[in-house]
Amino acid sequence: MQFDRLLTEARLATMVAGDDGYGVIEKAALGIKDGRIAWIGPMSEIPGEARETERLASRWVTPALIDCHTHLVFAGDRSDEFERRLGGESYESISRSGGGIARSVEATRAAGAAELAAGALTRIDALAQEGVGTVEIKSGYGLTRESERTMLRAARGVERASGMRVSATLLAAHAVPPEYKGESGRYIDEICIPLIREAAREGLADAVDAYCEGIGFSPEETRRLFIAAKAAGLPVKLHADQLSDTGGARLVAEFGGLSADHIEYTNAEGIAAMAKAGTVGVLLPGAFYALNETKKPPVEAMRAAGVDMAVATDANPGTSPLVSLLTAANMACILFGLTLPEAFAGMTRNAARALGLHGEIGTLEVGKAADLAIWDVERPAEIIQWIGRRPLHGRILAGEWQ
């Protein structure tokens with residue numbers, strides 16, 4: 001076998017499910033051909049040669065990390081709301097007074113796709129320096145048919161400019177815009193549902209999301225949105241049960257949803273539905289921390305039910321101003337009780353599943369994309385242990401060094 005690139009003297013954490021949690025192969029090699037993993041195994045069994053061979057001097061190799069829930073495309077600043085929350089005002093109060101998402105909507109509507117993409121690129125660079133190779137980016141700060149499409153075009157532009165894989169999610173049902181105040185159902189019918197059809201037809205969105213909450217959209221409105229998404233051939237996911245138990249996790253599982261995200265208030269019925277549907281529970285400790293919440297997601301119950309759990313930054317200008325996936329993983333361990341292998345799976349294997357990309361990325365397996373992160377650490381646990389340190393040696397995406 002002739003490889004394009006052969007990595008030798010490596011320690012691999014393949015993240016294929018196994019007894020040690022990491023799928024470790026010591027004294028290993030990995031062969032790449034045509035941007036994909038062509039062979040993995042012990043160095044003593046390398047089945048061919050390569051045009052380029054690189055010795056990694058016992059460095060660890062993992063799948064490139066995946067941030068499966070972000071709001072990286074936006075304009076404007078909401079640091080004053082941070083000050084208001086520090087003064088004791090709740091996020092719900094700020095939102096109802098015209099702040100929160102509505103503030104970002106005003107600024108984002110005034111920006112073009114190029115400006116939005118340029119801002120997102122500065123944020124995505126911080127993730128790249130931590131070994132991230134795939135990022136999900138949501139719309140949701142436009143809330144008109146044209147401005148939401150502008151946000152999705154910006155996300156596609158980020159993919160082209162950054163070299164990273166971007167999964168674009170239509171989140172028009174993020175908040176009710178001012179011009180539809182008190183008429184959320186009419187907004188769903190007149191803006192969100194037609195927009196789903198347009199985004200699917202134009203190839204702008206890979207999935208549809210909604211914010212199902214008392215300050216967002218009702219379960220009935222979310223259901224109408226999901227019916228339209230499925231009819232358009234787009235998978236669904238949901239901001240579910242963050243501030244109250246709305247039955248969101250159960251609802252998105254009913255539609256075979258990719259993920260239920262936040263899920264602090266998800267009940268036993270919702271967990272059972274997620275387990276049955278294979279819906280991933282996405283933990284967002286950055287928002288939990290920034291909002292000073294006390295209700296933790298039901299990690300132990302999801303673990304017992306066999307629900308796959310992912311970890312993401314929820315990077316956004318208001319409730320989770322976090323562009324460090326490694327910090328999010330650290331928080332998920334300390335605040336929510338994930339084990340280190342669970343947190344690592346949450347940034348790789350399970351994050352890929354939350355995006356519907358588990359056949360392409362998330363583990364080191366023959367046939368998958370050669371998206372790799374190489375680390376200067378003694379053990380994989382060290383990658384998550386430290387806050388603020390970036391132990392990344394380098395990234396390989398689609399078989400090429402970045």
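Cβ atoms here come from the backbone N, Cα and C positions, even for glycine.
Between the candidates ASP314, ASP371, ASP376, Swiss-Prot assigns the Zn(2+) site shared with HIS69, HIS71, HIS239 to ASP314. Per Swiss-Prot, N-formimidoyl-L-glutamate is bound by ASN316, GLY318; the candidate from TYR141, TYR180 named for the same site is TYR141.
For the 4-imidazolone-5-propanoate site, Swiss-Prot records ARG78, TYR141, HIS174, GLN242, and the single candidate of THR8, THR14, THR313, THR319 listed with them is THR319.
By a simple count of nearby Cβ atoms, those within 10 Å, the most crowded of the binding-site residues HIS69, HIS71 is HIS69. Of all Cβ atoms in the shown protein chains, 25 besides its own fall within 10 Å of the Cβ of GLY318 (N-formimidoyl-L-glutamate binding site). Residues HIS71, PHE74, ARG78, GLY100, ILE101, SER104, GLY140, PRO317, THR319 surround the recorded N-formimidoyl-L-glutamate site, their Cβ atoms falling within 8 Å of the Cβ centroid of TYR141, ASN316, GLY318, which are themselves excluded. Proximity of TYR141 (4-imidazolone-5-propanoate binding site) to non-local residues of its own chain (separation of 6 or more, Cβ distance below 8 Å) is seen for HIS71, VAL73, PHE74, ALA75, ILE101, SER104, VAL105, ALA107, THR108, ARG109, MET151, HIS174, given in sequence order. Residue annotation for 4-imidazolone-5-propanoate gives ARG78, TYR141, HIS174, GLN242, THR319. The furthest Cα pair among them is separated by 21 Å.
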